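This report refers to the structure that appears directly beneath it.
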Amino acid sequence: MSPSKFLGIPENFSSHGSQVDHMIDVVHWFMFALFIGWTIFFLYCIFRFWHKNHPKASYEGVRSHLSSHLEVGVIIVEAVLLLGFAFPLWADRVDNWKKVQDLQPVRVRVVGWQFGWTYHYPGLDGKFGRVDPALISGTNDLGIDYTDPNALDDFTSPILKLPVNHPTVLQIGSKDVIHNYSIVPMRIQQDAIPGKEIPMWFTPVKALETFVVCGQLCGEGHANMVGSMEVTPMAPFESWAKGQSEGALKANSPKTTTASN
């Protein structure tokens, strides 16, 4: 029996998500055990020290060491959660970062702003162009420097599109305040901090259309900061990315003029 099913957590769609779900299950089973234990102790105290049985107040209270044993038990449980589950799970994530670099992952810059998300793809050359906040304008939301040759085929999208069964690295940042980029079906989230780009990585294992949300209170429009995500087979993704990149290259390439006599 999995407690996560009773918590309303959506189905997992990432390769590492089962580990996260397992951690959630273990934590909630321990919470349930502690709840039962403390409830029994609470009821014991109620009936053991019922005022009818003890008309005169006792200023010593419980003389046994039961409460001390329970406190030690709680400490042991917390140590097991950290050392036996949380630390190994995090260590596995850190170790996998090195492996992901060798798998030619899809890379996307994710930029949060009040109140939405913009996605910056590197184009067919696989290289992001320079960005400069001074270049941000009504027609250049991210401040991409199109004088940089690497930026000519870069393109942006209001929707995050990714291929299934292929590693993805998202570089999370923000233009204004601290946001939190969260994809619940992928079991992953990361703070978006102005002036920083923090990578997070995962591998979608099923095609789906879902939402991304902001998990950090960021202003009065926070509840509306919802974006879209689509995971498709590799062929449709490559076709879409190629079309977007070629269109950007055509639009951003320096215009040539010919003199007429």
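Just so it is clear, glycine is given a Cβ too, placed from its N, Cα and C backbone atoms.
Annotated domain 'Cytochrome oxidase subunit II copper A binding' per TrEMBL: 103-243, in sequence order. Feature annotation from TrEMBL assigns region 'Disordered' to 242-261. Per TrEMBL, the feature transmembrane segment maps to 26-50, 70-91.
If you look at the transmembrane segment (70-91), the same-chain residues 6 or more away from its ends with a CB under 8 A from one of its CBs are 19-20, 23, 26-27, 30, 33-34, 37-38, 41. Mean pLDDT of the predicted structure over the domain 'Cytochrome oxidase subunit II copper A binding' (103-243): 95.
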